[in-house]
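Below is one structure, written out as structure tokens; comments come after it.
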Amino acid sequence: MYIMSKKCYDTSEKIDREQECVEVNYQHRNFESILEIFSVLFIPFLCNSGKKFLQISNASFFLPACFYLLGSSSIIQLYEPLLWLSSFPFCILYVGFGENSVLYHEMYTVCLYNALLSLTQRWKWLSIVLDGLGNSSVNLKLHETVILAFLEITQNSFTFIEGILICTGLTGLCFATFSYEVSPVVSVLSGVLLISLPTLILLNLCILKLAAKLHLSALFTTCLIYFFSALLVFLVSRSWVAGQLGQAPEVWLFNQIFSHRNSLTRIKIIIWWIICLGCFIFILLRSNRNNPLGKYFTTEDEVLNFRRKTYHALVVFLFLPVCCLDPHFLHLSFSGVLFIFLFVEGIRILRLKPFGKMIHEFLWEYTDNRDHKGPLIISHIYLLIGCAIPIWLSNALKGPVASVELLVGVLCLGCGDSMASIIGKRFGKHRISKTNKSIEGVFAFSISVFLVLHLTQAFHVCPSVTFWKTLFMSLCTAILEGVSTENDNLILPMYMWVLYQALD
């Protein structure tokens, strides 16, 4: 356990030293951080008036506010990991799913564990307590194992907070998969993240070490990796998913598309995606050839930002019109595409011929400083996960039910984040001191989400939501986007989803 605490500490320290964003002076309290704490700790619970949150057992989740408002200058900085690794997951669990959810007690202990893990960044002796907790609980031991494996695989690609937050979600997926009977689409998702990915990584590492020891040629090593990866996916992952589904995955997938009662709708969705992707590729090729962006943007940073946000716009066209048509199919599609993205990223990292170098050169043109910290290029994966999280969470809570909450990922990232970034960088004059984002960008985020959400209701894309509820969700999420230094693609969709559950 001490090894894990030290690894987490070293990871967070190294990433914080290399971080390029505006540094926050924790010696002095600022209004932006207070607003961030209030947004996460209080707004969802105040909106969720039917819950009795203020209990002694939940007092630990108010530690971020206590540390920031009452603590000395040496411990003020602990508020952020406590807020995002313990209080925020608990907010999702308590407000989003409720005390009667099947995984409540397991995930409750994980939230407490994350709080202690955050405190070990300041007080190393708490690792002894973590060690005792990990050895006394199978659930916490699983969470510890997930964290160790994730940090080892990803190196410095994620910040400490991002890494532990993702591990918390993976641990919840493990609990749901191995402790309870899950739906077929969850079986596919667990097969992707818990079976295929770890085994592929271990296999490829073994092949690379063997090739280096035996001095095998690069071409032969590449062939070995492709062959054994395909064999492993076919034997291990396919067997797992087949056991969960009760039939061959390819047969099940064919039936889901062509023999389901919603087959016509699903075929239309696939055709729509093909049309959108075809048009996007055509526009992308033309723009690369003619380079028209220099006429409208004055710096390379603005051009890069606009090019990155075109993929956010693509997400809007791909998913916004179809999210509520067939939530079950969207859940399945996101799970499949996530596996493809991760598999392609593996090819890029290993530079496997003939596609590895080509993929790397293409993706590298769209990277920023966050993609340069470790071996992974994560921006496009983050975008996909951010759009998928509300659909995954809603499916776990209610099943495949058409609802506005399915759209919040696309709204936050495709509309809000894109407009906030483009407007803020181009026209922003009034800067927020903590994050260097602009107030103009915050307003652009809120207005764009609000207007697009009302347009979707006007065109009957999704069920209706009251005017004040829409305004409140868009404004609160925009404020959090403006004052938080955490990754927008990860936290904003989950936060807006929680607000919807609190107001529902």
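Keep in mind that glycine also has a Cβ here, set from the backbone N, Cα and C atoms.
Judged by Swiss-Prot topology annotation, VAL186 lies on the same membrane side as ASN487. Using DSSP to sort the residues of the topological domain 'Cytoplasmic' (395-403) gives these counts of helix, strand and coil: 4 helix, 0 strand, 5 coil. Taking Cβ pairs closer than 8 Å, the topological domain 'Lumenal' (348-373) reaches residues 15, 18, 20, 156-157, 204, 208, 218-219, 222, 225-226, 304, 307-308, 311, 379-380, 487 in its own chain, all 6 or more past its ends.
Of the two recorded stretches, the transmembrane segment (404-424) does not lie close to the transmembrane segment (158-178), with fewer than three CB pairs under 8 Å once pairs fewer than 6 apart in sequence are set aside.
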